[in-house]
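J.: Can you read through this structure? Questions will come right after.
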Amino acid sequence: MFAKAFRVKSNTAIKGSDRRKLRADVAAAFPTLGTDQVSELVPGKEELNTVKLYAHRGDAVTVYVSGGNPILFELEKNLYPTVYMLWSHPDLLPTFTTWPLVLEKLVGGADLMLPGLVVPPAGLPQVQKGDLCAIALVGNRAPVAIGVAAMSTEEMLTSGLKGRGFSVLHTYQDHLWRSGDKSSPPSIAPLVVDPADLNDDKESVQVNPVLQGEEEGNGETALSEATSAGGQDQDPTDSRTLQEQMDELLQQCFLHALKCRIQKADLPLLTSTLLGSHMFSCCPEGHQLDIKKSSYKKLSKFLQHMQQEQIVQVKELSRGVESVVAVDWRHPRITSFVIPEPSLTSQSVQEGSREQPYRPPDIKPLYCVPASMTLLFQESGHKKGSVLEGSEVRAIIINYAKKNDLVDADNKNLVKLDPVLCDCLLEKHEQHSIMKLPWDSLVTRCLEKLQPAYQVTFPGQEPVVKKGKICPIDITLAQRASNKKVTVVRNLEAYGLDPGSVAATLQQRCQASTTVTPAPGAKDSLQVQIQGNQVHHLGRLLLEEYHLPRKYIQGLEHAPKASKKK
């Protein structure tokens, strides 16, 4: 809405009676704000102005300005917060996350398409169509845009995260933001994401039509056509229609999830979680579950049918959000359901993994030469992208200093900095003040300027070099319904661990239910969920039995504290 310049009609100070009305409107529009917070937003005596303007499309908008920054705007009698206001109240709206690469498109007036979303470990926030939402970037929870949800969370998951997700109204760096002090978003609770995922998703944004701008009216149609073409094709050997095949697959995944993945302790269970975390993971290899291609079209309609068969009971525990509250595990359809056998390939892999005990990989830190450091390394025959060990970097620095006669004659522990070393190792403000550096500082600065990489060598396999830092095994505690705690562990595959085997071992050790589900926001990765706080058992398994170094495991501090004996 504010991607282009707007025209200001008037700018007036707000009177006392209008301030009181605005406070009441803010409290009604954002009920989660306390009285003190509302009073802080709409102060009694400080400067507060009303700016009436026309957006570039002709929309009449009223903007409320406090302390020189726009904090609210009103459109068609609806109040919306600006990014300036959301930076002080980041949890005011349900927040969805996207990639930093996407922001430029949003600022240019594009709407956010669902393929551009990053799904956090806790799942997507629960919203209904038309709800006001905030949009943040990976690495920072501070909102950079606000928009209106084009569909509910359930519909987003049912669609397989395809289509238009949010109609964007206002963004950081648009013309409304420019009318304020132009401050940058604060750093709030950064999200941890696998660098490999970030690179993969950047490539997907460039290739796929994730965003649809104002001029691209037919972008969503093209996207839906592309996804339909790449979806599940009808089996030519099956005489049934695609809809009939999808109905059977839907019921198979549903019954499989109830029989193997869901425990009584998991109830009540959000219907969106049932689909996203359980049913999708029960889909057989080579098939794709798409409810829209079934006769039910929507998950809610399918669950109504299952409720009529008295398999489950579904209730709306909060407005617009349905949950499965009861399951009849003695129902004939569940008891008679036969779990599909895995493929021969997966069976042989699992059997082979049982024969040999787990041995941890050898992980060696490496360094890549970036473009900014090529001048320093080209004398030794290296170029941009060359991968080096730390000892090699140290040797190259020493040889460079000696070859160019940079060792200080009066103090052999110091190295004089020539123009190449200055450009490569010093910050701009240091280049006129630092003329010499000790050897250790010289090498340390060089290592910090290089890009991280690592080499993983599994027993009996060839070494594999990857860019970025290896993601540690991540252990977190999450709160589920009725204040029940669960332990969630991710990134096991990076260390050659099979999540299914780890889950089975923990189930026996902890005497607690375990589930293996797709890790939200991580491509082709699984996470293990264990009932209760099982960090202590998990730590013993990883450290003492699997012999993984402690530095590659994060979250061990969440283990319950030992009770003191009286």
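Each Cβ is built from the backbone N, Cα and C atoms, and glycine gets one as well.
Residues annotated as N-acetylmethionine in Swiss-Prot: M1. The feature domain 'PUA' is assigned by Swiss-Prot to 93-173. What Swiss-Prot records for 211-239 is region 'Disordered'. The phosphoserine annotation in Swiss-Prot covers S343 and is backed by similarity to another entry. Per Swiss-Prot, the feature domain 'SWIB/MDM2' maps to 365-449. Per Swiss-Prot, domain 'SUI1' is recorded for 473-546.
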J.: Enumerate same-chain residues with a sequence separation of six or more from the residue listed as 'N-acetylmethionine' and a Cβ-Cβ distance below 8 A; give 'none' if the list is empty.
T.: A55, R57, D59, V61, L75, L169, H170, L176
J.: What does DSSP say about M1 (N-acetylmethionine): helix, strand or coil?
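T.: Its secondary structure by DSSP: coil.
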J.: Considering every residue in the domain 'PUA' (93-173), what is the mean pLDDT value?
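T.: Over the domain 'PUA' (93-173), the predicted model scores a mean pLDDT of 89.
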J.: Using DSSP, what's the helix, strand and coil tally for the domain 'PUA' (93-173)?
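T.: Going through the domain 'PUA' (93-173) residue by residue, I get 17 helix, 33 strand, 31 coil.
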J.: I'd like the per-state residue tally for the domain 'SUI1' (473-546) from DSSP, helix first, then strand, then coil.
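T.: In the domain 'SUI1' (473-546), the DSSP-based counts are 29 helix, 24 strand, 21 coil.
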